[in-house]
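Undergrad: Got a structure here, written out as structure tokens. Questions coming.
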């Protein structure tokens, strides 16, 4: 029997970037099931169409827009088409991310460093610059950072550094966008999605990760979606500038 969810987001309009699969799709689905109208976005039209169809099959009001977050015109289209259809924006989840290389930082090519910064940090800032005039009073911005942001090392070192930057960006924008918009972040632990398959695809590595968590398991997209829904809702109306770590008890101090 499916758990009945509260309708905390009734009447809200939510945009989630990179939301056709994995954590992004999980968040979009949860928002929709809690009553929000959701805007799905991703780089490929086929993926957007498939995700929208899945959401609509569950009775969710879903709208899809192709958006590569590093493309300025795509970002503007995402904002403009959402406002044209719904008249407002209440919730923004910046989920798009890239990890094009597992090289050590001092061996990383400049093009890789540029892409990591552009997709993981800069694109979210530019997107919010476009969205800010349309955000409703009481709106919520959520960055998806990572447990790797607290201890950037190994194959995720430079990726982790960009996620550390999001911890600071959350604090900075919470101050800049207050009091009308709250800005928070979710820091997922290890979740077995396609994006993380280079790590979680190995049973040996998975077991090692599970041993490091107090709850002895990997995270799920549902775990991350529940955290995002809380931060998007009025249940967190007195919370801003914070990062909610959802990592089963893995160490999370800078």
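Cβ coordinates come from backbone N, Cα and C, glycine included.
Quick paste of what Swiss-Prot says about this protein:
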type     : residues : note
BINDING  : 15-39    : NADP(+) binding site
BINDING  : 146      : substrate binding site
ACT_SITE : 159      : active site, proton acceptor
Undergrad: Rounded to a whole angstrom, what is the C-alpha distance between residue 23 (NADP(+) binding site) and residue 146 (substrate binding site)?
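TA: Given the Cα positions, residue 23 (NADP(+) binding site) is 12 Å from residue 146 (substrate binding site).
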Undergrad: Report, in whole Å, the straight Cα-to-Cα distance of the residue listed as 'substrate binding site' from residue 35 (NADP(+) binding site).
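TA: Given the Cα positions, residue 35 (NADP(+) binding site) is 27 Å from the residue listed as 'substrate binding site'.
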Undergrad: Comparing the binding-site residues 19, 146, which residue's C-beta has the most other C-beta atoms within 10 angstroms in this structure?
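TA: Of 19, 146, the one with the most crowded Cβ is 19.
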Undergrad: Roughly how many Å lie between the Cα atoms of residue 27 (NADP(+) binding site) and residue 159 (active site, proton acceptor), rounded to a whole value?
TA: 22
Undergrad: Far apart in sequence but close in space: which same-chain residues, 6 or more away, have a Cβ under 8 Å from residue 39 (NADP(+) binding site)?
TA: 13, 14, 15, 16, 62, 63, 64, 65, 78, 82, 86
Undergrad: What is the total of other Cβ atoms whose distance to the Cβ of residue 27 (NADP(+) binding site) is within 10 Å?
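TA: I get 29 for this one.
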Undergrad: For a quick check of understanding: among the recorded positions 31, 159, which residue's Cβ has the most other Cβ atoms within 10 Å?
TA: 31
Undergrad: Expressed to the nearest Å, what is the distance separating residue 19 (NADP(+) binding site) and the residue listed as 'active site, proton acceptor' at their Cα atoms?
TA: 19
Undergrad: How big is the Cα-to-Cα gap, in Å, between residue 31 (NADP(+) binding site) and residue 159 (active site, proton acceptor)?
TA: 27
Undergrad: Look up residue 23 (NADP(+) binding site) in the DSSP assignment and reduce it to helix, strand or coil.
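TA: Once the DSSP labels are grouped into three classes, residue 23 (NADP(+) binding site) ends up as helix.
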Undergrad: Using DSSP reduced to three states, classify the residue listed as 'active site, proton acceptor' as helix, strand or coil.
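TA: Where the residue listed as 'active site, proton acceptor' sits, the three-state DSSP reduction gives helix.
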Undergrad: For residue 35 (NADP(+) binding site), list the number of other Cβ atoms lying within 10 Å of its Cβ atom.
TA: 17
Undergrad: With H, G and I counted as helix, E and B as strand and the rest as coil, say where DSSP puts residue 35 (NADP(+) binding site).
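TA: The residue in question, residue 35 (NADP(+) binding site), is coil (DSSP, three-state).
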Undergrad: Give the distance between the Cα atoms of the residue listed as 'substrate binding site' and the residue listed as 'active site, proton acceptor', rounded to the nearest whole Å.
TA: 9
